[in-house]
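Each remark here refers to the structure printed beneath this line.
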Amino acid sequence: IPDLMFSLVITSTGTTPIEVASGQTVKLDCQFNLAQADSGPLDIEWSLLAADNQNEDKVVILYSGDRVYENYYPPMKDRVHFSTPDPKNGDASINLSMLKSSDSGTYQCKVKKAPGISSRKMQLIVMVRPSKPRCTTEGQAEEGKNIVLRCSTPEGTKPIQYKWDKITDSKLLPASAVLDPVEGTINVRNVSTSASGTYRCVASNRVGTDECLLVLKVTPPQNTAGMIAGIIITLLLLLLIVAILVFCWLRVRRRKKYEKEICNEIREDVPPPKSRISTARSFTIGSQRSSLGSMSPSNLPEYTLKSQYDKIPSSEEYERPPSQAPLPPPSAMRMGGPSLNRMGAIPVMIPAQNRDGSIV
């Protein structure tokens with residue numbers, strides 16, 4: 001008792017860490033009593049102690065010379081205040097609002113009034129509640145297969161516990177299910193269709209919980225052999241169609257090439273077409289040799305065609321060049337009108353002449 005009368009003492013007790021969820025407000029308690037001998041000015045200092053010796057302690061809030069300095073630490077600006085308007089009455093407690101995970105650490109309350117001085121440390125743990133977890137399925141949900149139901153949350157202060165339950169049908173987990181509450185998984189071996197249904201996963205820690213739902217649908221085993229046979233048949237049909245198309249294309253291409261060669265080929269064994277050049281040449285020569293008097297109507301013989309001139313020339317005569325072609329006898333140069341017409345000759349009007357050669 002005599003020591004209490006002559007020294008400054010902080011009466012708040014407790015060494016248990018304070019656990020608070022993020023976003024909430026916490027009160028850090030620091031009650032003190034002054035001694036009769038404490039006559040100096042009152043100074044109250046709250047600081048966040050460094051985690052290691054390499055860093056300095058951060059002053060959070062300060063009371064000195066009957067004045068409060070609240071915005072002393074920028075990361076906690078407007079979030080830290082003294083619990084009472086006048087701390088010199090023996091209450092140096094502070095309130096921290098809108099807590100963040102970065103606010104976690106060891107805080108120290110130091111009260112000094114010369115010659116007395118006292119301090120108290122306390123640990124604050126700002127816990128983050130689990131965020132919305134994500135439920136997924138790993139593996140093929142087919143009857144007889146092995147699958148894994150997984151639940152995970154990206155945020156949250158550990159330790160986090162996961163709990164699975166089925167909320168439809170029989171509400172019982174499969175008999176072969178193996179749960180891992182730390183990893184948040186369910187391993188199901190040789191799954192059956194009875195495992196189908198809706199599952200719920202709840203993620204929780206000391207400051208909150210959250211959950212997600214998973215719909216599991218187990219399907220019957222597939223006919224793998226039938227699928228493989230169908231694929232093979234389909235491939236064979238495709239190959240057959242491609243082969244037919246290629247064959248038809250080659251055949252059409254070969255036919256076009258053959259027709260083109262036939263059109264461009266010159267056959268030597270076929271004689272040239274018959275013409276009337278020789279006959280026309282004979283008539284021309286005869287006409288040139290005749291005089292106007294001899295071709296007058298009075299001197300022309302009767303219009304008869306001798307049989308020897310009706311004969312069609314042979315292929316040798318057609319193929320013989322004009323220089324080697326034999327000239328017809330003079331008597332054959334006079335032909336009748338019908339014969340000349342059949343040969344393609346054009347009739348010409350010849351004026352009549354007198355005996356002395358004058359034109360009538």
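Positions of Cβ are set from backbone N, Cα and C atoms, glycine also.
The annotation domain 'Ig-like' is assigned in TrEMBL to 2-125, 130-219. Here TrEMBL flags 227-250 as transmembrane segment. What TrEMBL records for 311-340 is region 'Disordered'.
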For the domain 'Ig-like' (130-219), jot down how many residues DSSP puts in helix, in strand and in coil.
-> 3 helix, 45 strand, 42 coil
Where DSSP helix means H, G or I and strand means E or B, what are the helix, strand and coil counts for the domain 'Ig-like' (2-125)?
-> 13 helix, 55 strand, 56 coil
